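As recorded in TrEMBL, the features of this protein are as follows:
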REGION    1-35  region 'Disordered'
DOMAIN    69-365  domain 'Band 3 cytoplasmic'
REGION    194-256  region 'Disordered'
COMPBIAS  198-211  compositional bias 'Basic residues'
REGION    375-403  region 'Disordered'
DOMAIN    412-951  domain 'Bicarbonate transporter-like transmembrane'
TRANSMEM  441-463  transmembrane segment
TRANSMEM  470-489  transmembrane segment
TRANSMEM  526-552  transmembrane segment
TRANSMEM  559-579  transmembrane segment
TRANSMEM  634-652  transmembrane segment
TRANSMEM  664-684  transmembrane segment
TRANSMEM  721-740  transmembrane segment
TRANSMEM  761-785  transmembrane segment
TRANSMEM  843-863  transmembrane segment
TRANSMEM  893-910  transmembrane segment
TRANSMEM  916-934  transmembrane segment
Amino acid sequence: MAEKNEYIELPWTMNSSSGDDEAPKDPRTGGEDFTQQFTENDFEVTPPAQRVQFILGEDVDDGTHVSHPLFSEMGMLVKEGDEIEWKETARWIKFEEDVEEGGNRWSKPHVATLSLHSLFELRRLLVNGSVMLDMEAQNLEVMADLVCDHMVSAGALPPGVKDKVKDALLRRHRHQHEYAKKTRLPIIRSLADMRNHSSSKKKKSNSKHSRPAQNLPSITEDMVKSPSNQSMARPGSGTELSEQQHKGNTHFMRKIPPGAEASNILVGEVDFLERTLSCFIRLSQAVVLGDLTEVPVPTRFVFILLGPPGSQSNFHEIGRAMATLMSDEIFHEVAYRARKRDHLLSGVDEFLDAVTVLPPGEWDPTIRIEPPAAIPSQEVRKRPPELPKEEVDEEEEEARLREENGLSRTGRLFGGLINDIKRKAPWYLSDYKDALSMQCVASWIFLYFACLSPIITFGGLLAEATGKHMAAMESLVSGFVCGMGYGFFSGQPLTILGSTGPVLVFESIIYEFCQRMGWEYMTFRFWIGMWVAGICIVLTAIDASALVCYITRFTEENFATLIAFIFIYKAIENVVVIGKNFPVNQGIYDCVCTPPIGSNASVVDYAKYNWDSCESYNGTLVGGDCGTPPTENVFLMSVVLCAGTFLISTVLKEFKNALFFPSIVRQYISDFSVLIAIFAMSFFDYSLGVPTQKLEVPNELKPTLSTRGWLIPPFSEKNPWWSPIIAVFPALLGTILIFMDQQITAVIVNRKENKLKKGCGYHLDLFILSILIAICSMMGLPWFVAATVLSINHVNSLKLESECSAPGEKPQFLGVREQRVTHILIFLTIGGSVLLTPLLGNIPMPVLFGVFLYMGVASLKGLQFFDRILIMFMPAKYQPDYMFLRQVPIKRVHLFTMIQLACLIILWLIKSFTQTSILFPLMLVVMIGIRKALDLVFTRRELKILDDIMPEMTKRAAADDLHKLDAEVGLLARIFPWGKGSRGRVVTKPPGLDDGIVGSGGAVGAGLISCTTSNANEKEFEAQSSLLKK
């Protein structure tokens, strides 16, 4: 802070943006000249946050004050042997990295922890030291001359030591990566290096007799110049300078954002100064100053701090404070836009208002704080607090969001379908271009195996349920036909089609009905499929997919959790079935070879022989296991393969956050985690030779039942003429089944958490699916609908994260790679699986069961319902910081979870019994009704929090911003209108003044502070002032 009697510049002395020629009047005396001076105690100061918001709100007239990303580097003046040079000690992009002196390496990035004293000292230096904005300098020598001349003219630097200060500034800069390379250089130097080194020593030793003892040699003596200042080279030193050309750290350069500029902090102590010198410099144009910076980026800011010996640690902390300020998002924008010293001080004061102080007795400052997983938004600090908005009708807002997502009735036939086509058509070409990534290759291969096994398994179950009218071969062909058609023409190609349990139950019921009636099953099924396709087209025409808006988080998470639990249960069940077919060999074999009666057992040791060699010695096999050779432990091997596949997939999927290998290697390992697990465990099984159950793939492209072809006749002599008419009744049940399965999965894929940018396509998806059902019915193929778990894993495998450009910065979720190619390739290879039978036949089924287990567990990640189930078993102090726990009492959260869990159990029971499983789609409709009934149990606010699909991180960020906003509202000054002119004024009332001192003509009362703003803020001021008038 300024001295008590120190005069400060009044904001009203600034020139008005209106361009008035008339000299401003003193608002207190009415005189012509109001450049009277007041101390800070004479009036209430405008809050720093408000001043910063005005600075950032001003229009940038030219490109010189546009902010860029900043790389900050701090160097200290040290003595290395006989030479004095600037040594790099720390650097910042977003987080601080320090040079570990003992290890000769960079530290891990960490959050900078500063002492409050160093911040106050820095502010004092900015108040009393030199500030040079928009300096015109193209090299370090010109900058040093300008700085020294400015300090001499200001009386801060004695003229006698001007050359020595310049000498210090022009010393060479050595960076950490140069020290690291120096340790790897050969010990024996070249003769030229030895000669130059020897001559340099002689000159330095001779000069010691002609100058006083001090840390730095005179500018007139030989010294190691900085390559950033080639113009200072003396004759004879060109060789030395050419050999010392600065080579930037190109490896670290890739971590710096494009268009970044540098901020250099130079601190050091010298013995020829009696008091501290400081200078904050902003160059008018960023220029590369040779070896001043570790990386070849242009320098825009330089902060110089030199002082007498004994204050090095204090200088180091002040330099860290300056570099941390420059890495702060708000202050570094203020530094670019500042037009005078006061603007910089406002930025420092705003930073001090925002910092958090830790008590010295409760925290060890030497502990380095790890960078946070997510950095809170700083937008609240940039903009003025928003005015209270008028109450918005929630129903109108929900209707607007539904219309944006295509979930509102258009009032015309096929209106929703037309809108979906218009929405998706501009993205169609990019759906293929966006697939040019290795991530898509990994997703394709992973989902291929994930889809192939259930298709073949479903085909086997379908063969039993339909008398082999449809089996594995028909399932493969159906996957090819439906997958290719849906991949090319659907509205949301991230949704994976597959066979589902309710469809299997539906097929078995229809087959049993036809068997009882003596009808031809495939013909009757043909008409059911035609009716289902026709009804779905009618639903598309009347925009029935708009009913999806009633499927909330309550219903969709119940459905997704159920399907995930089914995948987990089936994976374990299939391994248990292997245990029943292949019992565990406990190593106890009850069969011994006994000698014949009357023989001399001492001659031959019959105990050595097994049942195979016992008969050759006329022995007799005795025991319960005789006649059956010992079997290998197929079950235990299956458990190892299943568990190994699951663990390898899980561990490698999280490998992108590991500490080993470069980031690109970690990313590839994470993308191909499931594929690595499948091949690793398959090779493990092959090397041991245990006869585990293998994947069986048909090797001929022909229908399973020889009496049928690939086209189903629509009429049959066995079926009555009215059978196509009554087929509409089972078709209605099938339509509900398909509609609910398809749309709930589509809602899960299109949820806000996935940050999809290309829009939804509910109507288009249903239309394409109806055509595919008609084609499958004509060809006698199983119907494929959206598979929830497969779709969730498809989305998860294509998630995009930001590249960790700044050291220590955690990757942020950006969205999903939306494209069609993976869907097309998955089902293209499924159709060609018949040609891969020799290769696929070596994959053990337990390995695929492990993939099912992984997909089920991975699908539970991110489900709020599953998180709330886990919270029920946690003590309060260990519960995670979820937003719904902040806003809803824990008992109400548990009540909501228990109701949802009861619905899940009911769904599980209905699906588990064959007699009731056909009612499963109807129960999903009942779930929507139950959710509606919860309006009677919970308040609207509680349901909006617990049943909202807003991402958790978005909620927390919004709550934090609102908290900061509320805190800043208390600091607002009063806001009054200033007419229709080009200026708005923020005025604060000093102590002792009455209200109503602002006249209608715009004259300001005595003692008030005002600051002019640009036209851009005029409307905002008028809106704020009108609110205050109310």
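Just so it is clear, glycine is given a Cβ too, placed from its N, Cα and C backbone atoms.
Source: prediction; values computed, not measured.
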Is the transmembrane segment (843-863) in contact with the transmembrane segment (916-934), using three or more Cβ pairs under 8 angstroms as the rule and ignoring pairs under 6 apart in sequence? no
Given pairs 6 or more apart, does the transmembrane segment (761-785) have at least three Cβ pairs under 8 Å with the transmembrane segment (634-652)? no
Would the transmembrane segment (559-579) count as touching the transmembrane segment (634-652), if touching means at least three Cβ pairs under 8 Å and pairs must be 6 or more apart in sequence? yes
Can you name the far-off residues of the same chain, 6+ from the ends of the transmembrane segment (470-489), with a Cβ under 8 Å from a Cβ of it? 451, 455-456, 458-460, 462-463, 495, 497-499, 507, 696-698, 700-705, 764-765, 768-769, 771-772, 775-776, 779-784, 820, 823-824, 826-828, 830-831, 833-834
Spatial neighbours of the transmembrane segment (893-910) not adjacent in sequence (6+ beyond its ends, CB under 8 Å) are 554, 557-559, 561-562, 565, 865, 868-869, 871-872, 884-885, 916-917, 919-920, 923-924, 927, 930, 934, 937-938, 942, 946
Averaging the pLDDT values of the domain 'Band 3 cytoplasmic' (69-365) gives 77
